[in-house]
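Per TrEMBL, these features apply:
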type     : residues : note
TRANSMEM : 68-91    : transmembrane segment
TRANSMEM : 100-118  : transmembrane segment
TRANSMEM : 205-224  : transmembrane segment
TRANSMEM : 244-262  : transmembrane segment
TRANSMEM : 283-306  : transmembrane segment
TRANSMEM : 318-338  : transmembrane segment
TRANSMEM : 345-364  : transmembrane segment
TRANSMEM : 384-401  : transmembrane segment
Amino acid sequence: MGKGADGGASVNNGHPAARVEAAKWRWALTETELERIRVYSYKPGVYTHLDNLLTPYWNWAVTLLPSWAAPNLVTFVGLLTVVFWTVVFLVQSPDLKQPIPGWQVVAYAVGLFFYQTLDAIDGKQARRTNSSSPLGQLFDHGCDALVLLLCMVATAVALQMGTTWKTMLLFCNIELVFYMAQWEEYHTGTLNWSNGWFGVTESQFAQMIVFVITGVCGVELWRTPLYPLIPLQVLDKPGYTLEGAALVTFTFVTGHMFLSSVGRVVPASAAKLPPAELGDKRVGLAPGLLQLVPYVALMVVGYLLATGPGAEVFERHAALQLLGTGIAATHIISRMIVHHMAKNSVLLHDLATPGLLALAAAALNLYAPRLGLAAAPPVPPERALLAALSVTMAAYLWYLVGSVRDMCRHLSIRCFHLGPPHWAVKVQ
């Protein structure tokens, strides 16, 4: 994540005649947004020690790619690998409780390593083929957000976590970390993925290690009591296991990263950003906190749908519900990425996606009896949830496909192929 964010397709710098032609077909973005995106420049954070250690391997790996392979295609192939193994997991364990063969869990780690490699070299492929474009950041980080979600669900399956509070805590932690990185980039202009010691690469390798250990040693290893493994009497309590310790540790790490992001955004101001970077942005603590409201609201809605009167439905459709809520989160993240590149002002309604509103409506339907609004949920909870998830997926795909299509037409490029698109050639 982030190493290849400047990956894209071949750039024509938006031939004027091509842009006029493309303006007739805009789906998601305005002309002003597209013009600002056209001149956008990506500013990555620092590399970690592991990044530097792996750079020779990545430099070698990119030489294996054919010169006709567009950087976005490279990332997409990696994404499909993770999608494939996640589907394999969910077919066998839709309730997140059924055991998965050890070799498949190890294979997931291999697939994740394959994705990590392609994700790291897509930017190198862009520079190698002189095909960098702003589309690369949206596509690269959009794929990262999806892989993050899929790996979280796969982890819950591999560890047989089921529909417990631990599953929702893991979900909220992982999604929050990714959103905070995009949120911070909007306010500071720099995507801060790491602190020099621990970053995205390390987190991906940590996930791979979890899958390998689980596949080789079995899920029972994570149920090992902390006491007497750690000879502290205070740990001699039911439920104090390696799994719980890992989750608590991850939660503290998430909290630290959250506070670190806030600490870097607090001093941010319009005066500290170059005019070319500022645009119409509203930066600083006050607007920043408002931009967190939709995301926090989504996490609360997801929790409400998974607990209380929603527990029974969550039990039957655990994976589907997590994926749906995660897609809604990815939609919000994608909007934040686009608003950053387009240097837009971000208000509450800009991040209140149809998916968030649909899931909130499903939660309101579910809790209507408790709120005294109805004797029973007006719509059967299962049907309301499936309808909300359908709206969530449709809205996300419309925005994603529309944004990619608009950028491709405005920049006179193709998403998965090198060279100018046929319609851009005609207008030249």
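For all residues, glycine too, the Cβ spot is worked out from N, Cα and C.
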Result, the transmembrane segment (283-306) in contact with the transmembrane segment (345-364) (3+ CB pairs under 8 Å): yes
Within-chain partners of the transmembrane segment (384-401) [C-beta distance under 8 Å, separation at least 6 from its ends]: 27-28, 142, 305, 313, 317, 320-321, 323-324, 327-328, 330-331, 334-335, 353-355, 358-359, 361-362, 365-366, 377
Other parts of the chain folded back onto the transmembrane segment (205-224), taken as Cβ under 8 Å at six or more residues beyond its ends: 50, 99, 102-109, 112-113, 116, 151, 154-155, 158-160, 241-243, 246
